[in-house]
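Trainee: This is the structure, below, for whatever I ask next.
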Amino acid sequence: MLSQVCRFGTITAVKGGVKKQLKFEDDQTLFTVLTEAGLMSADDTCQGNKACGKCICKHVSGKVAAEDDEKEFLEDQPANARLACAITLSGENDGAVFEL
């Protein structure tokens, strides 16, 4: 019998100067974690499909994979801006900090 291994981690989200630690499971998007925590609204968005650019956040610290198909939404944004829906979380993101 195969056992399914699920990895967890924690990120910190900062909104309005208030820090909140949020747990995640591998392969969840940052968008999902933030909306489930009530820190980001899914209303009037593409629902995490990398098509609207409304879930921009700032990557403050920690490890995050390089941006890929989100560049068109980030052209006029600071260098640390990312789309929450384009960040798929894994154990390597444990401890990362994002500002909303």
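Placed from the backbone N, Cα and C atoms, the Cβ positions cover glycine too.
Quick paste of what Swiss-Prot says about this protein:
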type	residues	note
DOMAIN	9-100	domain '2Fe-2S ferredoxin-type'
BINDING	Cys46, Cys52, Cys55, Cys85	[2Fe-2S] cluster binding site
Trainee: Give me the sequence-ordered set of same-chain residues, not including Cys46, Cys52, Cys55, Cys85, with a C-beta within 8 angstroms of the centroid of the [2Fe-2S] cluster site's C-beta atoms.
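Mentor: Everything else in range on the chain: Phe31, Thr45, Gln47, Gly48, Asn49, Lys50, Ala51, Gly53, Lys54, Leu83, Ala84.
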Trainee: Can you break down the domain '2Fe-2S ferredoxin-type' (9-100) into helix, strand and coil residue counts using DSSP?
Mentor: 17 helix, 29 strand, 46 coil
Trainee: By a simple count of other Cβ atoms within 10 Å, which of Cys52, Cys55, Cys85, the binding-site residues in the record, is least packed?
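Mentor: If we count Cβ atoms within 10 Å for the binding-site residues Cys52, Cys55, Cys85, the smallest count is at Cys52.
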Trainee: Using Cβ atoms only, which residues of the same chain lie under 8 Å from Cys46 ([2Fe-2S] cluster binding site) while being at least 6 residues apart in sequence?
Mentor: Cys52, Lys54, Cys85
